[in-house]
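Peer 1: After the structure tokens below, expect a handful of questions from me.
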Amino acid sequence: MDFQLQAVDDNARAGLLNLAHSQVATPVFMPVGTQGCIKSLDATDAQEILGAKLILANTYHMYLRPGEKVVGQLGGLHRFAQFQGSFLTDSGGFQAFSLSGNIKLQEDGIVFKSHIDGSKHLFTPAKVLDIQYSLNSDIMMVLDDLVGLPAPLKRLEESIKRSAKWANLSLEYHKQKNRPSNNLFAIIQGGTHLKMRSLSVGLTHEGFDGYAIGGLAVGESVDEMLETIAHTAPLLPKDKPRYLMGVGTPENILDAIGLGVDMFDCVMPTRNARNATLFTYSGKISIKNAPYKLDNTPIEENCACYTCKRYSKAYLHHLFRAKELTYARLASLHNLHFYLELVKNARNAILEKRFLSFKKEFLEKYNSRSH
């Protein structure tokens, strides 16, 4: 993998990420395609309508169903999903943490029960990489020990040491495999404890293709999250991409870009879309509300998305009220377009050395009203 840093504006960065299946401009927002597709959308929607170059799929879910061997036999995720861009796959540690209810941490991995049928499984650092090799992921995440916040200091330290050990084992295993098209990212843990974050960086070997800031957006305040990012990002190698996992709102993303983060993913645009919340440059709207019943205007004037060029708020209001499946697609296309345009505009502002004024102008308008 080749990462070219093209411009820095204060701490905000613009770059190019060259992967086996695509060239990705950063900062980048990755739509979440947990099961190998973005909910309610297909590969044509992702590629041709949204122009997405990099989406996230989940190792835990693809392993349990349909199984990584099935995907591998069918040519990997790209052929299976007919997506010509790139895939980043999470290690599955977060899902084992959040879905199984009663995981058992061992020194060699995580024992968890399937949320589908209750069967027991063991994820080890090597096992999750083998799964991701079968999926043929462009970017693979190492297995980590995630801690919900708040957490005792002793538990945080345990998590850091275990995560660093697993990351370093993963790196050694990956080197033996000699698969340069499958890139490996480490994950930095430590909750909101800044000394623990520094320890996590110090324990994690150099030589990874990128570094993620994990363990945030799991119960801490926004101020704590931003303080943690501000502390951690400068500790990471300047010549490698930095990925903030699972974050977040438009405000969170712009704040994190300003702190030196390059990559983001979050279910918010699609989940909010399915639940009637749509993003506009002057704030969020709830399309289910009565005032939109006769509103013949698009979600946002001058929006170039597929939905706004064709349909009115009144039509979307009707589809949501009628529980039509088409609603989820049209709403998701709009919200994802909003997010992708946001990071694209942020990138252009960084290249033109005007990121802070861009962010200020965006937030002033965005926070002006929500209805």
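Each residue's number is its place along the chain shown, starting with 1.
Note: Cβ is positioned from N, Cα and C throughout, glycine not excepted.
From Swiss-Prot, here are the annotated features:
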- D90: active site, proton acceptor (ACT_SITE)
- D265: active site, nucleophile (ACT_SITE)
- D90, S91, G92, G93, F94, D144, Q189, G215: substrate binding site (BINDING)
- C303, C305, C308, H334: Zn(2+) binding site (BINDING)
- 246-252: region 'RNA binding' (REGION)
- 270-274: region 'RNA binding' (REGION)
Peer 1: Give the nonlocal contacts of the region 'RNA binding' (270-274) in its own chain as ranges (CB under 8 Å, at least six residues past its ends).
Peer 2: 31-32, 38-40, 284, 328, 331-332, 334-336
Peer 1: C303, C305: which of these binding-site residues has the highest Cβ count within 10 Å of its own Cβ?
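Peer 2: The residue with the most neighbouring Cβ atoms within 10 Å is C305.
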Peer 1: Taking the Cβ of D144 (substrate binding site) as the centre, count every other Cβ atom within 10 Å, in any protein chain shown.
Peer 2: 31
Peer 1: Sequence gap of 6 or more, C-beta under 8 Å: which same-chain residues meet both conditions with respect to D265 (active site, nucleophile)?
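Peer 2: Result: F29, M30, P31, V32, L56, L88, M245, G246.
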Peer 1: Could you measure between G93 (substrate binding site) and C305 (Zn(2+) binding site) for me? Cα positions, answer in whole angstrom.
Peer 2: 34
Peer 1: Rank the binding-site residues G93, G215 by how many other Cβ atoms lie within 10 Å of each Cβ and give me the one with the fewest.
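Peer 2: Counting other Cβ atoms within 10 Å of each of the binding-site residues G93, G215, the minimum falls on G93.
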Peer 1: Between the binding-site residues C303, C305, C308, which lies closest to F94 (substrate binding site), Cα to Cα?
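Peer 2: So, spelling it out, the nearest of the binding-site residues is C305.
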Peer 1: Take the C-alpha atoms of D144 (substrate binding site) and H334 (Zn(2+) binding site) and report the distance between them in angstrom, rounded.
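Peer 2: Just about 33 Å between their Cα atoms.
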Peer 1: Over all pairs in D90, S91, G92, G93, F94, D144, Q189, G215, the listed substrate binding residues, work out the largest Cα-Cα distance in Å.
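Peer 2: The widest Cα-Cα gap among those binding residues is 15 Å.
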Peer 1: Consider the recorded positions D90, C303, C305, C308, H334 and say which one has the Cα lying nearest the Cα of G215 (substrate binding site).
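Peer 2: Closest recorded candidate to G215 (substrate binding site) by Cα: D90.
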